[in-house]
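Heads up, the thing below is written out as structure tokens.
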Amino acid sequence: MPKHPETLPGPAGAMPGPGSGPGPEGLDARLVVDRGSFHLDVALTAAPGDVVALLGPNGAGKTTALRALAGLAPLTAGHLRLDGADLHRTPPESRPVGVVFQDYLLFPHLTALDNVAFGPRCRGAGKAEARARAAAWLDRMGLSEHAGARPRHLSGGQAQRVALARALATHPRLLLLDEPLAALDARTRLEVRARLRRHLAAFEAVAVLVTHDPLDAMVLADRLVVVERGRIVQEGTPSDIARHPRTEYIAQLVGLNLYRGQGDGHTVRLDAGPAVSTTEDLSGPVFVAFPPGAVTLHRDRPTGSSARNLWRCAVAGLETHGDQIRAELTGELSLAADLTTVAAAELDLHPGAPVWAAVKATQTHAYPA
Amino acid sequence: MTTGAETPRKARPRPPGRGVPLALLAPALVGLAFLLVPLLALLLRAPWRSLPEQLTSPEVWEALRLSLFCATAATALSLVVGVPLAWLLARTDFPGRGLLRALVTLPLVLPPVVGGVALLLALGRNGVVGQWLDAWFGVTLPFTTAGVVLAETFVAMPFLVISVEGTLRAADPRFEEAAATLGASRFTAFRRVTLPLIAPGIAAGAVLAWARALGEFGATITFAGNFPGRTQTMPLAVYLALQNDPAAAIALSLVLLAVSIAVLAGLRDRWMRTV
């Protein structure tokens, strides 16, 4: 599965239109689920070999979308086609879909081997054949020596691999992963993520994973679909989304300051108040983004600055990120700024301290909204 | 009876000056005595010397054998139809489910004699269903061993259904979903995933139902009568023996008491764990 090179450097978030679907091969779905006040409407297309991440805050509807794909939640409307076959009315047990659940849901009364053999058994394989296939899958996952272990004796990372093997053992044409790394502690996570990435890269059909962790999404997926409040707000390659976030949520995820405004030549008048000088020449509704590292802080108003954006702010909060400090600022403009601990000490930063925040026009990035 | 793992009794530290008020202690002790003295009396008046002889008499043996067979058969019957019924109540949603659940539990509170009368009206020779059984298959259920099994099932099955349904409700239904995504039909998921997961609940319900069936008196004597060797189970034999051979009645009672204590011991991990 080729990791998409950055093929879409152009205007931000170019959403694949309905015409750019993958044809009969792969996934073509529009998932509409109405449940009381919650409304989900998400269109998803993916070609075999694609790894798509549904990224969004909790309660955005990601898991509902996943359950709809698996057939565990009924669609109110829309369609669901996989490799050309209509699955809309197909019960979950008849769909060529494998699911890795958030807490894995390994059957506690079965050994790792029998957990993996469960799928092949249900799909018609004989007992010996199913077990042989399960053993091969466990071997691929590096779990041969744990074949006889019950789930409660497996570590989090091992259980995750057993769950993945169990889902893959039925040769699904669509693999669904619900928060595949959420149940793991930070240290295991790193290793499991790298391993999962290799397995997903080797998977020949469509994989859709749901996560609220942008790092997981960017490492594991070729394409991100950002869902907020039941709707897709942005779709694209990880790098595309990182450079052109279209909502505050995404900007926060990727660590950007993001504002909406009206472009007028090299100036953007922000909806939030002040104007920002940019290098781009745009008119009409635009986004302006700049990374927290591009912000410089000053105790006194800096002089002789050309094409510099300057705002009077106050420190609202300070957070340590490694050897960096991220300062949350309020005032003329709310923004985040990164600086070294030394610089923070020299500036005598503390909550409530007044500062001047400056950003060079060349460090900002404006793009049409 | 408690040869297994005994939980160490921890002396609970009591805050100073907070004794048990007499107004609660006195009635509590009366209640305790009321429950224990009859059992004690049974042990005190037991004809210990002639007990081996009593217990090996063919009448006792016959009644015990019949009781064990009928209670076990009733439990098996309850399992075969009661577990699916519990699944239906716990895992599906249909109009009138609440009412159905209430009706299933009715035999729990219904006087067993009423159950026996109802069974007669349903399955008796002229009963609503029984007349057809008689006419078409030549099957007569009242006053037969099969009748005993049915009477005991009627009274005991609700215990099993309630126990299994509770366990099913506590079990995570997402395991069934996981099974479905692996290609298991709902029945396969039930058989290979749900059933093993709720096995402890089923076992507990079965023991409870078995104990209830073993002690069943009212429905049995009403529906199946009291024929030695055919329908005379232990409780019936005890009642009869009390009229003409009290020593035998006490001996039989001791056997039933021993069985009850054994059941309680088997279930102590489940129901006797104090909070």
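Just so it is clear, glycine is given a Cβ too, placed from its N, Cα and C backbone atoms.
Nobody curates TrEMBL annotations by hand; they come from automatic prediction.
Keep in mind the model is a prediction, meaning the values are calculated, not measured.
The transmembrane segment annotation in TrEMBL covers B:20-44 (among others).
For the transmembrane segment (B:64-90), same-chain residues at least 6 beyond its ends with a Cβ under 8 Å from one of its own Cβ atoms are 97, 100-101, 104, 145, 148-150, 152-153, 156-157, 160-162, 164-165, 168-169, 190, 194-195, 202, 205-206, 209-211, 213-214, 216, 229-235, 252, 255. What TrEMBL lists as transmembrane segment is B:64-90 (among others).
Annotated domain 'ABC transmembrane type-1' per TrEMBL: B:64-265, in sequence order.
Taken from TrEMBL, the feature transmembrane segment covers B:102-123 (among others).
Per TrEMBL, transmembrane segment is recorded for B:135-164 (among others). Non-local neighbours of the transmembrane segment (B:135-164) in the same chain are 66, 69-71, 73-75, 77-79, 81-83, 85-87, 89-90, 104-108, 112, 115-116, 119-120, 123-125, 198, 201-202, 204-206, 208-210, 212-213, 216, 219-220, 222-225, 227, 230-231, 233; each lies 6+ residues outside the stretch with a CB under 8 Å from one of its CB atoms.
Taken from TrEMBL, the feature transmembrane segment covers B:193-211 (among others).
According to TrEMBL, the transmembrane segment annotation covers B:247-267 (among others).
Ranking B:20-44, B:102-123, B:193-211 by CB pairs under 8 A with the transmembrane segment (B:247-267) puts B:193-211 at the top. Cβ atoms under 8 Å from those of the transmembrane segment (B:193-211) belong to residues 71-72, 74-75, 78-79, 82-83, 87, 156-157, 159-164, 166-168, 170-171, 175-176, 178-179, 184, 259-260, 263, 266-267, 270-271 of the same chain, restricted to positions at least 6 beyond its ends.
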